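Listed in TrEMBL for this protein:
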TRANSMEM  B:26-47  transmembrane segment
TRANSMEM  B:59-79  transmembrane segment
TRANSMEM  B:86-103  transmembrane segment
TRANSMEM  B:109-129  transmembrane segment
TRANSMEM  B:136-155  transmembrane segment
TRANSMEM  B:175-196  transmembrane segment
TRANSMEM  B:224-249  transmembrane segment
TRANSMEM  B:255-273  transmembrane segment
TRANSMEM  B:280-300  transmembrane segment
TRANSMEM  B:306-325  transmembrane segment
Amino acid sequence: MNSPAQRTGAASEGRRAPVLATRALSKDYGPVRVLSGVSLEFHAGEIHALLGENGAGKSTLIKMLAGVTAPSEGEILVDGAARRLRSVRDGQSHGIVALPQELSLVPTLGAAENIFLGLRRPGSRLLVDRRALDRDATALLERLGQRIPLDVPAGELSAVQQTMIALARALARDARVLILDEPTAALTEREAEQLFAVLRTLREAGTAIVYVSHRLEEVFALADTATVLLGGRHVWTRPAAQTSADDAVAAMIGRPPGQIYPQRETGEPALQRAGGPAALEVRDLRGHTLAGVSLQVPPGRVLGIGGLAGSGRSELLALIAGAQRPRGGAVLLGGQDITARRLAGRMRAGIVLVPEERRSQGLVMTHSVQDNIALANLGRFSRLGIASRSRERAAALRRAESLRIRATSIRQPVEELSGGNQQKVVLAKYLERSPRVLLLDEPTRGIDVGTKAEIYQLVRRLAAEGVAVLVVSSEIPELLGVADEIAVLHEGRLAGLVPAATATEESVLHLCYRKSA
Amino acid sequence: MMSSTAPAQAPSTEATRSRATIPARLASYGTLLGLVALIILFSVLRPQVFLTPLNFTNILEQIAILAIVTAVQTVVMVVGDFDLSVGALASLVGVITAQLLVAGTDPAAAVAAGLLTGLLAGAVNGALVSYLNLSAFIATLATMTSFTGLALLLSNGSTVFGLPDSFVWLGQGRLGPVPVPVVIALALVLLIWFVLSKTVLGRAWYAVGGNAEAARLSGVNVRLVRFSAFLVSGTGAALAGIVLTARLASGHPTAADALMLSSIAAVFLGITLSRAGQPTIGGTAVGLGIMGVLSNGLNIMQVNSYVQQVLTGLIIVLAVSLSRLSRRRR
Ligand SMILES: Nc1ncnc2c1ncn2[C@@H]1O[C@H](COP(=O)(O)OP(=O)(O)OP(=O)(O)O)[C@@H](O)[C@H]1O
Ligand SMILES: [Mg+2]
């Protein structure tokens, strides 16, 4: 499948040698081959997108390129010479720098320390020259067009600022090959634009960029070359100009793509769960950012929640779920005030929050798929305090099947799953609660197009059954596609509430920035 | 639908490779192999003494009290904490129980009072850690110091003698051929195994130790769960102190102090066998086995007890680093 003839792009141009290439690269985990004989070329001054569904092997490939893991077979060529990359340091010494799928800044250190962490700097060996450090950091950030306060711990900066620090870190290491694994997953569209501008500048400067993303529009706006992987195999590599998102999707899933966003059925909700359908109402809810928000979500309604990062979207969900204590206001379910109840109590009442961060909030990484799904359902899968393994197993199998979770078995630790499949486990775990009110915080982050479509269908199906759904998303098309109504938050307040049918990307974006549409 | 994405199945099954996996497997079972190797070693060196049913009973008897403490230390370490106070608490409870007995208290009541003391001490530790948010290290280090001080105060720094036979039976008696402490330890280990692996509470302990935030957002009462682990360790430490006091037929204010480090070491040895990096009762049992066989074997070989200590330390380092190595490159 990966014969040279099919690599039309590189072959037709017949130009200079690649900076980085792989030859029949394979990776096995135990008996499972997750990457199989992949040969690729990455050129200077070129943005090369890697596409493929969840678990296709993109991150695995990238980890080998960066020296994080060793290939099982095949080789990696840097400037035409086969190299063994034994560590990330090794990769960096060849100018290969990767920004992993989950950024790894030290949250307590500032930008400058993070940028130069692990780098031997000229001059004194023992003492840190703060001034020089700050000056150099500022210079690097300026090359990226960024002004980031150096005295703020990285953990408190916005997602895009953190990405920029990670990029500056790569620049400080003289990256000739820059690898980005889903860098925009945690960014809003505006922030993503900032990142793209920087990447284009780096491309002009001759950096080879390897880019992984599930957001195909951005890929095709950005990339020069696209490669599709399917089940660990190379399907094709083409110049981006000679292919399209639809082609890519068809190759990624091995069939023609269907419609992404579902039809909205309108009908009387008929919820067969304990308690029946119930409307959610919040009155003047206040938290750290949230400064008094009132909303009503009737059963069967999907409310999308838009807004910029830091506008209070996640906090709104956390306050409704009881994951965070409010500073004021009330939460009502079916007319009953449940503000006094804590998270567990609200969960029993049917309010279920699917949190945003899968690693830190959603999963116990070392535990199995089954145990993670069971965790939110321990009380329901037990009698007299004794857990029923067989019921847990049955539920996990059912969910793994319906969400098409790719794992060797439901006993596999989730840390071994691909990012998108981990996200599906988080969804499975909370859907198993049979919610009456479902709060979804960035539910499709890192999930491939095919599965996204299925998750949207699922949301609509739940709504048709009478569940009230709130979806927070940074992707406005997603809000438009799945929600009935869109509430936009701006600095902790409701900036507007618009029906999805009449809203446009522009009108929502305008509300995000609080301009009248 | 999609040929390559059958749910819950291997992405591709055609390829098999077993190279690197065999050494990796061996290394991750290194601790278990270490136990087997120790048994073989001592069997070969001293076959007539080491490999006898009598000596086997001996080993069990020698580690029974440590096993009690280690079983409950396992629980605290599953939750992701330590309990440094278990040894000092066991000593304190020993002194209190002994003094009550000497004062003529009914043995059953004295034992109950001792256990209650342990439960209360555990509640103090648990409250400090999970409700006042002190690190378990600081909190239990502090209570350890206070418990030792209390034990010395109560006993005036001297040993309490003159315990009734009915009480001493707990430490020196036998049920058929089996020493009573061994029966008690086995029962406790089984109970903890059951709770850890079969109950909702056990699952919550593991979840909190694995990712407290994810557990919280799953509706688990994280504070209560951590608190409960310290209740268990306090009560278990008290039980160990009571059995030790019965075995020695006397209460001594520092008699059980050494149990703390050994219990943590045994749990760590056990963790090397666990894939998730969290303790299991099975792993703990192997860790205990190593500690027991090692000290028994070295005693039989008449190795100087100082040298024994040095060797024990080395073995722990060896086992833990072996399992680290197996984890490093995946
Ligand atoms: N440490 C591991 N042990 C076993 N299997 C693993 C391990 N890491 C990854 N895998 C498997 O390798 C396959 C490819 O994973 P990879 O992370 O490369 O996918 P991906 O293309 O990046 O997907 P996503 O879009 O979801 O991030 C998956 O099926 C995954 O389960
Ligand atoms: Mg990935």
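Just so it is clear, glycine is given a Cβ too, placed from its N, Cα and C backbone atoms.
TrEMBL does not curate its annotations; it predicts them automatically.
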Checking B:109-129, B:136-155, B:175-196, B:224-249, B:280-300 against the transmembrane segment (B:306-325) for Cβ pairs under 8 Å, the most are found for B:280-300
Cβ pairs under 8 Å only, please: of the recorded stretches B:109-129, B:175-196, B:224-249, which one is richest in them relative to the transmembrane segment (B:86-103)? B:224-249
Look over the recorded stretches B:26-47, B:136-155, B:175-196, B:224-249, B:280-300 and say which has the most C-beta pairs under 8 A to the transmembrane segment (B:109-129). B:224-249
Determine which recorded stretch among B:26-47, B:59-79, B:136-155, B:175-196 has the most C-beta pairs below 8 angstroms with the transmembrane segment (B:224-249). B:59-79
Which of B:26-47, B:59-79, B:136-155, B:175-196 contacts the transmembrane segment (B:255-273) most, counting Cβ pairs under 8 Å: B:59-79
